[in-house]
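I have placed the structure first, in the form of structure tokens, so that the comments after it can refer back to it.
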Amino acid sequence: MAGQKFQYDESGATFFYFLLSFLALLLVPGTYYWWPRKQKEDPKALASECYCPGCRKKKLVLQSTKPWELMKRTCIKVIIIAGWALLAFLAYKVSQFDYESASFDPYDILNVPIGTSEKVIKKAYRRLSLIYHPDKETGDEKKFMKLTKAYQALTDDESRKNWEKYGNPDGPGAMSFGIALPSWIVEKENSVWVLGLYALVFMIALPTTVGMWWYKSIRYSGDKVLLETSRMYYYFLHKSNSIPLKRVIMILSASLEFEKKYNSEIVERSSDEHEMPQLIKQLYNFGEKTQKEPPLSYNYSIKARALIHAHLSRLVLKADTLDLDRMYIVKKCPYLIQEMVGVVSQLILLAYAQRVPRLLNIETIENCMKLCPMVIQALWEYKSPFMQLPYISEDHIKHFDNKKKRVRSIQHLAQLKNEDRRSTLKFLSDSQYEDLVKVLGRMPYIDFKVRCEVIDDEATTVYTAGAIVTVTVQLKRRDMRVLFGDESYADKHHIELEKNAAKETEKPDKLGKPLSNGDVIENNEDIENKETKDDEKEKKVTKGIWQQKRQSGKGKKSGNVKKPKATLSASAKKKIKKKEKLEKAKLGDLETKETEEDKIDDDKTEDKEQLKDSNASSDDDSDSDNESSSNASGEESEKTDAEDTADDKKKASANNDDDDDDDWDKFQSGANKKDRVLEGRTKQSHLVHSPYFPEEKHEYWWVYLSDRKSRTLLTVPYHVTELVDEEEIQLKFTAPRWPGVYVFAVCLRSDSYFGFDQMHDIKLDVKEAPEPLTEHPQWDISDEEDDTKEEDKQSDISEFTTDEDVED
């Protein structure tokens, strides 16, 4: 019996086959995915591109910060071309190998037909051996060996039997398994080099690479923020209930991403020693010496804070030193601010769970959110939102506060007619005006809708104490160009989120500084007049329906409010009596009973209206006429009872079908939401016009629920990063534990623009939670059931026994 044989590749054939197949497996998909292609420029993007000086400078900065882009594309092309060249060489090499045929055919080797006589075979063997004999000039040792085997297989009896039985004149051969590695790998002379290579790759290079990757990954969170920075945020943010915006900037500038020890990309320059003091002198209310808390007082923190202040003030810095540092710090700020928002929300949840002593109010997290658009647009919070538009500076803000046509917000500017908008922006040239209209048309207009319900409950709109309330927020994003010339849309973006807090925190001083959202006040008299007007408006505001109901209930109890009783005429009383008789005759049918009651109520209202119009003194003839009319109406009602019941049944069946359709739609929407969660979240939406931000920025939003009265946050802010057209978000919170009417606010905040925040109030009439069931009819077991159970018990007496057997 033949054995098994393992051997390395002596000739290199199988090894080259292995390389050929492995290289082709990498090159075919790699070429398709990695070959550099020239990106096709979108004509719509080119048409809406802004050519203001800030955008042109930003475009040059983006191109200069990626000098390796061209080198990377060239290297990829060279590697792919070299791979295909190697593949072609291996294919040519493999085609040159001559293999012994797996099916041995001696007739084919000797070039004689099947069934040829032995004499002809000998002649053919002699003729070919003279050609391929190794001693001849045309000799070939391999072919001569094949000729000898073929001649033996056709002339020798034993060789013929082996060939006919095993396909080989030499008999059964061993089963060989080829290893696609060259034989020199296992040779004794090369063993040291092979072992050294294995040790270098698997014992040094691989563990070092994995260790470096692991050491770097454990230092960062999922949002690429150092864990030490997050710990520092936790430490400073939980020290006070309310943290002002200036303090938030201090904490942000102390992030460890800006220190050389934790970030090797930070560049420490010798020129900072004389450039930084000059910059700090230009900054208003910087407060360098007032802060002595580490790390807020460290040099790297002071430098980062000064550069952030300079960025918000739009100061011109030295291009090759401080401006490079400013761009690097500003690029990191959106990620750090998002981490700060997450830290504040976690601290609030810990305070609800009584794990930390202080509950942070809503101003802290909103100050963190407010800082993000400040950094993106390079504006302080008290600056006008119109400065987000190109070519608009502080000197031009006075044109928007014109006596003839005062422009309230950016949305109001978009809703103006083209003639009015052009007259407001008459200080711009035609090309500048076109750029401004392009940017204005690309800004977002958000349709913000809110719906509350209690999911998985029969009454979805009934809110009980302690119930899980789901607030579904629907966001529909459109470009601002849809509002051009259309003043029918409500100015949603002009709504301030903090009306009461703004009066306290954003009051101007005597010099008349501008307020947030572009409201400019020149002197103190205007301030006092506005405040008195606001107070008068607040006094005149009518209370809500739910508050009026409470007051009316108290009035009834005290007896101050008395309603006069309505008096009915004799004819109306006769009508009621006759219809009551008709109801008694139809007690068997419940549906007709309900219709009769409804008709009686309708007749009552009709009689009341008639009583108002008619005189107090009525004749007897009118009474008889009323009686006859009531009899006729009674007969007609009897005839239409059957038709009404049939219509009610049809309506009920239609309502059931509608309910089934609604349930199916809800199920499908829930399944689609789960599929979206599995797909993951992208971070691509719409580009933001941000000429002072050194990178391309996409529009992101925060959605959260808050209680403005108690100044608390109720849900963790949801970061919307993929609002292209429409998006639906669900916020869940627990209803208050005490019954009553509560007003909460669903807030939408932009992390890229000023003046685009919205707030939607929701009112919840919280009812008292029902007591848990302790008894239920299905849980009670009646006496009859007990008797039947006793009868059902098996007896010792069989059903086939007789009376005699029982007596025995």
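Every residue, even glycine, has its Cβ placed from backbone N, Cα and C.
Listed by sequence, the residues of this chain that lie at least six past the ends of the transmembrane segment (15-35) yet keep a Cβ under 8 A from its Cβ atoms are 9, 76-77, 80, 83-84, 86-87, 90-91, 93-94, 97, 180-182. If you look up TrEMBL, you'll see 15-35 (among others) marked as transmembrane segment.
Residues or ranges marked as transmembrane segment in TrEMBL: 74-92 (among others).
Sequence annotations record features per position, and here TrEMBL assigns domain 'J' to 105-167.
Among the features that TrEMBL reports, transmembrane segment is placed at 192-215 (among others). Long-range contacts of the transmembrane segment (192-215) within the same chain: residues 185, each at least 6 residues beyond the stretch ends and with a Cβ under 8 Å from a Cβ of the stretch.
Annotated region 'Disordered' per TrEMBL: 499-678 (among others), in sequence order.
Residues or ranges marked as compositional bias 'Basic and acidic residues' in TrEMBL: 499-512 (among others).
Here TrEMBL flags 527-541 (among others) as compositional bias 'Basic and acidic residues'.
Taken from TrEMBL, the feature compositional bias 'Basic residues' applies to 551-565.
Here TrEMBL flags 580-593 (among others) as compositional bias 'Basic and acidic residues'.
For 601-612 (among others), the entry in TrEMBL reads compositional bias 'Basic and acidic residues'.
Per TrEMBL, compositional bias 'Basic and acidic residues' is recorded for 636-651 (among others).
The region 'Disordered' annotation in TrEMBL covers 768-808 (among others).
A Cβ distance under 8 Å defines the sequence-distant neighbours of the compositional bias 'Basic and acidic residues' (768-778), meaning residues of its chain 6+ beyond its ends; these are 464-467, 739. The compositional bias 'Basic and acidic residues' feature in TrEMBL is assigned to 768-778 (among others).
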For the domain 'J' (105-167), what does DSSP give as the number of helix, strand and coil residues?
-> 45 helix, 0 strand, 18 coil
In DSSP terms, the compositional bias 'Basic and acidic residues' (768-778) comprises 2 helix, 0 strand, 9 coil
